[in-house]
Amino acid sequence: MLRALSRLSTSGFRSVARTRTGYSAPLASRCYSHGKVETEEEFDSRWVTYFSKPDIDAWELRKGMNTLIGYDLVPEPKILDSALRACRRLNDLASAIRILEAVKDKAGPHKEIYPYVIQELKPTLTELGISTPEELGID
Amino acid sequence: MAHQAHAYHMVDPSPWPLTGAVAALLMTSGLAIWMHFHTMTLMSLGLLLLLLTMYQWWRDIIREGTFQGHHTPPVQKGLRYGMILFITSEVFFFLGFFWAFYHSSLAPTPELGGCWPPTGITTLNPFEVPLLNTAVLLASGVTVTWAHHSIMEGQRKQAIQSLTLTILLGFYFTALQAMEYYEAPFTIADGVYGSTFFVATGFHGLHVIIGSTFLAVCLLRQAQYHFTSDHHFGFEAAAWYWHFVDVVWLFLYISIYWWGS
């Protein structure tokens, strides 16, 4: 859903009104003319796995985040949860808050996405003691 | 015995390796003295000795090869291996700086804003002077190949013209790059961006100057009839080095100027 919503980059013909319920067709992240197309679920679980590596190092965390943010989509809360937990393992609060800022930026003109993501992540943010940029007054 | 029974070159004793080593010692210790006691004497002495060593050592090689005939085919083969191995070592030298660049730019730290280019850095437009520089070096690769073919075909005047043009293009690159350095909106002290940019492009620029000098020596030698259509390894070595410098620039351009902007 978030992927479909955010892909308004150039053309406006993709419907903004698509909702998650009943929508299960796989979306290609890349528009290849051939080859196996990765489903949204596969994409998400690949990234959750990436950030769940117990001994992930700081470089890998930053590299993963940069690659993820480079895609034309807003990452699912479950991926962000995994990334925030990686920040916790690495004692990197700065990157954790930066991730939230990046999510808001990726949503672009779709101002309803960021509050939704924060709402989904609230339990994790509380558990890990991560403040949002808004709470810190740095937004 | 009066004649050797093999085709190899048993070089006469020479003082230049020793003077070169002494130069290295004086330059390094001179660098330390300069940093602590603010006097450049020792370092300058080392630099002077280095220049004298290079001049005299390579002059001797030219005498041994061009005038004394010691550079038989097996000897030339050894020289080719040597140049290839040297250029390979230079490739590894640059590989290190590319490693540093990619390490820093693929995973930018929070201090930079977690992004590349880092927050606050205004990068150079890759489609302005850097693109011109790319065209200049690629053109110089064409002219140096033209020079090579001219030498092989015994076309003296064309060889001199194309070699001169190659050197002029090299100087043009250096001048353009110097202007870019002067006008750049960031310095070497501007975080890891400045460090990776200026160290990588800086060493490249130094190699352009070295390569241009090597080609200039070849021009002087060509003018003095040192090269024959079959035997001109000094020129080939200079041309290989020049192509290496061009390739390094292409990697710099794609990685730092274009992708990194």
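Cβ from N, Cα, C; glycine included.
Feature annotations, courtesy of TrEMBL:
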DOMAIN    B:4-261  domain 'Heme-copper oxidase subunit III family profile'
TRANSMEM  B:16-34  transmembrane segment
TRANSMEM  B:40-58  transmembrane segment
TRANSMEM  B:79-102  transmembrane segment
TRANSMEM  B:129-147  transmembrane segment
TRANSMEM  B:159-177  transmembrane segment
TRANSMEM  B:197-220  transmembrane segment
TRANSMEM  B:240-260  transmembrane segment
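Three or more CB pairs closer than 8 A are found between the transmembrane segment (B:240-260) and the transmembrane segment (B:129-147), so contact between the two stretches is assigned (pairs 6 or more residues apart).
Per-residue confidence over the domain 'Heme-copper oxidase subunit III family profile' (B:4-261) averages out at a pLDDT of 98.
Distant neighbours of the transmembrane segment (B:197-220): 58, 90, 93-94, 97-98, 100-101, 144, 160, 163-164, 166-167, 170-171, 173-174, 177, 181, 186-188, 227, 234-235, 237-238, 241-242, 244-245, 248-249, 252, 256; these residues of the same chain sit at least 6 beyond its ends, with a Cβ under 8 Å from one of its Cβ atoms.
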